[in-house]
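Pulled from TrEMBL, these are the features on record:
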type: TRANSMEM; residues: 46-69; note: transmembrane segment
type: DOMAIN; residues: 47-474; note: domain 'Major facilitator superfamily (MFS) profile'
type: TRANSMEM; residues: 81-104; note: transmembrane segment
type: TRANSMEM; residues: 116-137; note: transmembrane segment
type: TRANSMEM; residues: 171-192; note: transmembrane segment
type: TRANSMEM; residues: 198-219; note: transmembrane segment
type: TRANSMEM; residues: 273-293; note: transmembrane segment
type: TRANSMEM; residues: 363-380; note: transmembrane segment
type: TRANSMEM; residues: 386-408; note: transmembrane segment
type: TRANSMEM; residues: 420-440; note: transmembrane segment
type: TRANSMEM; residues: 446-469; note: transmembrane segment
type: REGION; residues: 480-509; note: region 'Disordered'
type: COMPBIAS; residues: 498-509; note: compositional bias 'Polar residues'
Amino acid sequence: VRTELEPVELEDGAAVPKEFANPTDDTFMVEDAVEAIGFGKFQWKLSVVTGLAWASNYAMEMMILSILAPQLHCEWRLPSWQVALLTSVVFVGMMSSSTLWGNISDQYGRKTGLKISVLWTLYYGILSGFAPVYSWILVLRGLVGFGIGGVPQSVTLYAEFLPMKARAKCILLIEVFWAIGTVFEVLLAVLVMPTLGWRWLLILSALPLLLFAVLCFWLPESARYDVLSGNQEKALATLKRIATENGAPMPLGKLVISRQEDRGKMRDLFTPHFRWTTLLLWFIWFSNAFSYYGLVLLTTEFFQAGDVCSLSSRRKEVKAKCSLTCEYLTEEDYTDLLWTTLSEFPGVLVTLWIIDRIGRKKTMALSFFVFSFCSLLLFLCVGRNVLTVLLFIARAFISGGFQAAYVYTPEVYPTATRALGLGTCSGMARVGALITPFIAQVMLESSVYLTLVVYSGCCLLAALASFFLPIETKGRGLQESSHREWGQEMVGRGSHSPEVTRSNSGSQE
């Protein structure tokens, strides 16, 4: 045990120096190298590639649901329950595969899991354009959802190459690519649907995935994953490549990991140290998706009625209608879709501004609270203009809270279970997305106010869950091993005992 290194604490907001990994040390870890190399050209390229995956494999394929369903409702004369099933089956596929993709990424590498999921989505996305009957498109869209469940692993790979100070901002900016993807999908539908039809829309929407599949060959495997799996030489080569592209020096010494361990084990999410965090995060992700997609469904109903009171009165007087009546999407409908999408930009900007100021936990709690408060204000039977403002504020904050969860989750789990942890959380979000149509559409038929109470109450509980999370990841490095005290890779060299830090790494020398 060596004790000659003295702890060094950085002032709040101070830049991590290039000599973060002490040049007098003869060992360093991946976290040290990532911080020493810093943010540069490599991370900019990685941002674009990750954003392309987010826009093409996630945003476009999700946005197409709101365009495809009414079109098939009219063209194939589908009853309403079959139209709803077209959306639900995608979420079923995502829910069933999220944990699987996380396990594959922890066992065989982040890049491997991401490539397979993208190619899977590309294949079945194109194939669904040739579906002859309803049953076939139902199965094929479910398989597309199965592939989309692997997209969150792009965030895992992305986060593991980002230095601490840039991590939150960069992951939040992925939401910009989500908005770009949805806007592009709507514009593509405007051009394609009137002339070529929905089949060509499905095929053309899948083609951007082909570009990402080609760019995957440029993507390196996560250095954190390589060093954890015992492949130090490959990890070192990756870090040297990043340092060369960024024009920054590499830390001196030998690359080490404190201790190798099994990867991708579900039981690791429920160790005494992470059990409470895992359960709270599952509820937070569930509430995020439940509220976000619920608001999307409710917005159309509210706008058609003009205000909540009119909607409530209309529900009491509604008469039975033929379930086969349908209306094709109009130019005004596409305009509304664009405005709804653009409303998420303010949420990203607000979250981007506060997440490093008040912390991840408080950011999520604030997002849930504002959404809940706006939902309760709808009880006042406000006019159309105020209704629009409240709905846009609610959507802005719930989408920003979703992105804060994407920042927090990869930060709180160690490398061995990071992809699995994010995958299971994503799976719980799909459970929320599956349930929310029954609240936003079925329960709405019985009681508008009870529906609003359910969403408001759920988000209030999620706000409390955010406060009770035991770990705040603001200003912390990514944890390499679950056998080290949380965050010790970053904070341990500053405020923890250096004896512990050096004795762990010294065991590998």
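The first residue you see is number 1, and the count goes up from there.
Backbone N, Cα and C atoms are what each Cβ position is placed from, and that goes for glycine too.
All TrEMBL annotations are machine predictions without curation.
Under the criterion of 3 or more C-beta pairs below 8 Å, with sequence separation of 6 or more, the transmembrane segment (363-380) and the transmembrane segment (446-469) qualify as touching. Stretch with the most C-beta contacts under 8 angstroms to the transmembrane segment (81-104), considering only 46-69, 116-137, 386-408, 420-440, 446-469: 420-440. Model confidence over the domain 'Major facilitator superfamily (MFS) profile' (47-474) is summarised by a mean pLDDT of 80.
Of the candidate ranges 46-69, 171-192, 273-293, 386-408, 420-440, 46-69 has the most C-beta pairs within less than 8 angstroms of the transmembrane segment (116-137). Here the transmembrane segment (420-440) sits against the transmembrane segment (273-293); at least 3 CB pairs are under 8 Å, leaving out pairs fewer than 6 apart in sequence. Residues 276-277, 280-281, 283-284, 287-288, 290-291, 294-295, 298, 308, 311-312, 315, 361-362, 364-366, 368-369, 371-372, 375-376, 378-379, 398, 408, 412, 439-440 of the same chain, all 6+ positions outside the transmembrane segment (446-469), place their C-beta atoms under 8 angstroms from a C-beta of that stretch. Residues 364, 368, 371, 395, 398-399, 401-402, 405, 408-409, 412-413, 417, 421, 424-426, 428-433, 435-437, 439-440, 455, 458-459, 461-462, 465-466, 468-471, 482, 486 of the same chain lie 6 or more positions beyond the ends of the transmembrane segment (273-293) yet place their CB under 8 Å from a CB of it.
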